[in-house]
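Engineer: What follows is a structure written as structure tokens; I'll ask about it next.
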Amino acid sequence: MKLHLLKSKIHNARVTSGDLEYEGSITIDQELLLLAEMIPNEKVLVVNNNNGERFETYIINGEPGSRVIQLNGAAARCALPGDEIIIMTFAVMDEKKARTFQPMVLIVDHLNNPKRRHRIGQEDEQLSSSI
């Protein structure tokens, strides 16, 4: 049996901008992607904490250090700049692997600077905002 599990998430991210004319996706600062163990073109589920909206899209690499979280295309209608969102990726694995897998959680501040990260079930790793 194959199960769909949380692979990683960026928690407390703030939308920095939107571009309705772009074909679609979410642009995320490359440094945040690396810390959260996410990759370009990966499918994401985004939850808007301000209005409850949930939507799927895919990741585009943003400029490293920019702290950009930009919604593009139709997704730009799902959240406004300043809205707090959670960005999640998922993986498919067999039940044996799923029982021991520990997702990566990256927590950012209100400016999308990385604060800390951890694998669920493990201690936080404090991060410097100068990453």
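The count begins at 1 with the first shown residue.
Cβ coordinates are placed from backbone N, Cα and C, and glycine is handled just like the others.
Copying in the features that Swiss-Prot gives for the protein in this structure:
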- S25: active site, schiff-base intermediate with substrate (ACT_SITE)
- S25: pyruvic acid (Ser) (MOD_RES)
- T57, G73, A74, A75: substrate binding site (BINDING)
- Y58: active site, proton donor (ACT_SITE)
Engineer: Report the member of A74, A75 (the binding-site residues) whose C-beta atom has the most other C-beta atoms within 10 angstroms.
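Structural biologist: Ranked by Cβ atoms within 10 Å, first place goes to A75.
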Engineer: So which other residues, same chain and not among T57, G73, A74, A75, have a Cβ within 8 Å of the centroid of the Cβ atoms at the substrate site?
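Structural biologist: Everything else in range on the chain: G24, S25, I26, F55, L71, N72, A76, R77, C78.
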Engineer: On the Cα atoms of T57, G73, A74, A75, which are listed as binding substrate, what is the maximum pairwise distance in Å?
Structural biologist: 10
Engineer: Counting every protein chain present, what is the number of Cβ atoms, excluding its own, within 10 Å of the Cβ of G73 (substrate binding site)?
Structural biologist: 16
